[in-house]
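Chemist: Feature table excerpt (Swiss-Prot):
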- C161, C164, C214, C217: Zn(2+) 1 binding site (BINDING)
- C178, C181, C200, C203: Zn(2+) 2 binding site (BINDING)
- 2-67: domain 'J' (DOMAIN)
- 161-168: repeat 'CXXCXGXG motif' (REPEAT)
- 178-185: repeat 'CXXCXGXG motif' (REPEAT)
- 200-207: repeat 'CXXCXGXG motif' (REPEAT)
- 214-221: repeat 'CXXCXGXG motif' (REPEAT)
- 148-226: zinc finger (ZN_FING)
Amino acid sequence: MDYYDVLGVSKTASPEEIKKSYRKLAVKYHPDKNPGDAEAEKRFKEVSEAYEVLSDPQKRESYDRYGKDGPFAGAGGFGGAGMSNMEDALRTFMGAFGGELGGSGSFFEGLFGGLGEAFGMRGDPAGARQGASKKVHITLTFEEAARGVKKELLVSGYKTCETCSGSGASSKQGIKCCDRCKGSGQVVQSRGFFSMASTCPECGGEGRMITDPCSSCRGQGRIKDKRSVHVQIPAGVDSGMRLKMEGYGDAGQNGAPAGDLYVFIDVEAHPVFERRGDDLILELPIGFVDAALGMKKEVPTLLKEGACRLTVPEGIQSGTILKIKNQGFPNVHGRGRGDLLVRVSVETPQNLSEEQKELLRKFAATEKAENFPKKRSFLDKIKGFFSDLTV
């Protein structure tokens, strides 16, 4: 049996071409699509055996040089007496589709009606599991968010057991390969028309058995822990932002990496400033006399000097925004600062005395149309509707 002929590819075929051809043939001859068909079962085992060799660079090189009896073949050649064990053939099948069997709309869901998990794709077959990621929320003052700050967080979780270095055993001799699943962490069972892969009940999917557990972690390889973590919050962060600290989550198991720590930011509101992106908005109320005559005004800022001198031009209208450049929030990516936007609010006087009212009446008697251009423009527009209105 020539493995290249079995898969229908040339001897110069790329790994992608070999995998593509195997997938097509494996699906075609899969026992769940051909129940009771002995010939299809035989072909399924053959293409699985061929793929198991040609998908491995070392085995393929040895096969190309020496044939089926190469040094990487093991006793009886690459396939021995052929891949007669359906469990091995199905395991090869699972490996070929391993990256695509999770989530809705996956290959297997379309082909076998959502049985991806039934074919055993439930994580690393060797039992190595990355540690869980953790998340914490931190609240900053407006000023801390503006200048950046270093914070100390207390994080609860799991750390690698120092006694056994994460192995879970008191010594190397205290670990053995699981006899039931042969280290794969899964067992395959035939149920009616389906070949179902499930977590090995003996080892719980670990692929190994601990015969002499570590006394500190009781065979878990991890222990509960509370630790202080220092996190540098960059200047310019805003509510809803998230910082990722790789490797600061729970310790992994069986040599897998630790999870990550996600720090979610909340920024308190400020009594004076409102933030819009990297810009700050300051509401500045002024009297109508200052609005008419203009003025110079000290306005607060978030920078070290604490205040900035602002010129309010005469005749300014309520709602006008005056910009002070580079006095806003720092950009979180280091691209400068925003601006301080001062929104002027002209306040109409209230609770006037009779003397003040009389002065205003005298002022009104001196008003001219050019003193109120918007009013004049409005009256000009409606003059045709109300002929009795005059400027």
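The first residue you see is number 1, and the count goes up from there.
Backbone N, Cα and C atoms are what each Cβ position is placed from, and that goes for glycine too.
Since the structure is predicted, the reported quantities are computational estimates derived from the model, not experimental observations.
Can you walk me through where each of these features ends up in the structure?
Modeler: Other Cβ atoms within 10 Å of the Cβ of C217 (Zn(2+) 1 binding site) number 22 in total over all chains. In the three-state DSSP classification, C217 (Zn(2+) 1 binding site) falls within coil.
Around C178 (Zn(2+) 2 binding site), the same-chain residues six or more apart in sequence whose CB sits under 8 Å from its CB are G185, C200, E202, C203, E206, G207, R208, M209, listed in sequence order. According to DSSP, C178 (Zn(2+) 2 binding site) sits in a coil region rather than a helix or strand.
Per-residue pLDDT, averaged along the repeat 'CXXCXGXG motif' (161-168), amounts to 90 for this model.
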Chemist: State the Cα to Cα distance, in Å, between C164 (Zn(2+) 1 binding site) and C181 (Zn(2+) 2 binding site), rounded to an integer.
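Modeler: Per the Cα atoms, C164 (Zn(2+) 1 binding site) and C181 (Zn(2+) 2 binding site) stand 25 Å apart.
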Chemist: By DSSP, how many residues in the zinc finger (148-226) are helix, how many strand, and how many coil?
Modeler: 3 helix, 37 strand, 39 coil
Chemist: Could you name the residues, excluding C161, C164, C214, C217, of the same chain that surround the Zn(2+) 1 site, i.e. Cβ within 8 Å of the Cβ centre of those residues, in sequence order?
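Modeler: Other same-chain residues near the Zn(2+) 1 site: E162, T163, S165, G166, S167, G168, A169, S170, P213, S215, S216, R218, G219, Q220, G221, R222, I223.
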Chemist: Using Cα coordinates, what distance in whole Å links C217 (Zn(2+) 1 binding site) and C181 (Zn(2+) 2 binding site)?
Modeler: 25
Chemist: Taking the recorded Zn(2+) 2 site as C178, C181, C200, C203, identify the other residues of that chain whose CB atom sits within 8 Å of the mean position of the site's CB atoms, giving them in sequence order.
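Modeler: Close Cβ neighbours, site residues excluded: D179, R180, K182, G183, S184, G185, Q186, V187, P201, E202, G204, G205, E206, G207, R208, M209.
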